[in-house]
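The block underneath contains the structure these notes are about, expressed in structure tokens.
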Amino acid sequence: MSKIVKVLGREIIDSRGNPTVEAEVHLEGGFVGMAAAPSGASTGSREALELRDGDKARFLGKGVLKAIEAVNGAIADALVGKDAKDQAAIDAIMIELDGTENKSKFGANAILAVSLANAKAAAASKGMPLYEHIAELNGTAGQFSMPLPMMNIINGGEHADNNVDIQEFMIQPVGAKTLKEAVRMGAEVFHNLAKVLKSKGYNTAVGDEGGFAPNLKSNAEALEVIAEAVAAAGYVLGKDVTLAMDCAASEFFDKEAGIYNMKGEGKTFTSEEFNHYLAGLVEQFPIVSIEDGLDESDWAGFAHQTQLLGDKIQLVGDDLFVTNTKILAEGIEKGIANSILIKFNQIGSLTETLAAIKMAKDAGYTAVISHRSGETEDATIADLAVGTAAGQIKTGSMSRSDRVAKYNQLIRIEEALAGRAPFNGLKEVKGQA
């Protein structure tokens, strides 16, 4: 009853008004899975390729009809008649058929949408929720946990039209006992942050990921206003709520000059100077996690950063590792960072995503499941976080339905698991157990 009978692709719209790929996989017995590919703004140069049409007369060149054609043509032809329960085989067929290193023939957006839709269809045919099916695929059947959210409540960098260089300032409700309580705490801090910003005359418009995007005097001021909001919500900073940042430093790295140019503050740094700048913020605020603290190619700088901060806080590689096991293996061998951000469209299939999570965990690295800045209502990452017991999730702020869809799915899953998925809070963060 899990044989594929039809594969269908369509062009839908993401949260930035750009087209993306949605796929349906239909099985014998009437079981159907549907999934959509997300899209990033600050992308690593070694990510799998997102195939766009380039026809300026449609969607300013961002159409995905070529990827849809691949789904409805070559991919559908290859998968009809195959067993959807064998996820590894389904993904391998698509990867082999594409035949390129970075999935540039069909597009990672096409392959991923089908990969995830297939997993959903297989779960339906087994009569189980997606997170349970993912746990079985992962070889960890029945082992679940609820992830600690990293909530991006101030957006800067490529995610906002403001003068803040650092891309994300996040809170983690570590004092919560459950995921549902963590969401409530995050919402309370978010609403209090709106009041704090308004009281200072700042704009409260939101960025791509639902966080506020004001023009601020400095990156440190972003942390200061969040600290005020945490206190105003009745929580203790460092005890109930901790802080995290995504620098997305590749976006302000001047490759020719070899310097980090923070235009918002009018400052430039060498790698070593920027590492010490970050270390100063860690001393000043209860920051427990920093993502992409340097440019993706600055491995010598990352080695220094890991020496400087790696035993104190979590250092997450996003553009650095791009959910790629080859690159992650090199990072592990060289002692670079201590955590990986998991974005399945960076690599382009569920099987490869699970392999990256496993490699990280086996090496003592943490794995943080993440959305992209261009999202849809698809909430698969919530099931991925629970089904792999990854421990942490990054899925935006407390506004925009493309973000809260994931939190709402986590609330439903926690309720369904009724105590079988512990919420471990700060223990999940590298260096904080």
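Note that Cβ sites are derived from N, Cα and C of the backbone, with glycine treated the same way.
Feature annotations, reproduced from Swiss-Prot:
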type	residues	note
ACT_SITE	GLU209	active site, proton donor
ACT_SITE	LYS343	active site, proton acceptor
BINDING	GLN167, LYS343, ARG372, SER373, LYS394	(2R)-2-phosphoglycerate binding site
BINDING	ASP246, GLU291, ASP318	Mg(2+) binding site
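GLU291 (Mg(2+) binding site) carries a strand DSSP state (E or B).
Of all the binding-site residues listed (GLN167, SER373), SER373 has the fewest other CB atoms within 10 A of its CB. Here SER373 ((2R)-2-phosphoglycerate binding site) is positioned 6 angstrom away from GLU209 (active site, proton donor), judged by their C-alpha atoms. Compute the center of the Cβ atoms of ASP246, GLU291, ASP318, which mark the site for Mg(2+); besides them, the chain residues with Cβ within 8 Å of that center are GLN167, GLU168, MET245, CYS247, ALA248, ILE290, ASP292, VAL316, GLY317, ASP319, LEU341, SER370, LYS394. Under the three-state DSSP scheme, GLN167 ((2R)-2-phosphoglycerate binding site) falls in the coil class.
Every protein chain considered, the tally of other Cβ atoms within 10 Å of the Cβ of GLU209 (active site, proton donor) stands at 31.
Around the Cβ of GLU291 (Mg(2+) binding site), the number of neighbouring Cβ atoms within 10 Å comes to 28. Residues GLN167, LYS343, ARG372, SER373, LYS394, recorded as contacting (2R)-2-phosphoglycerate, have a largest CA-CA distance of 17 Å.
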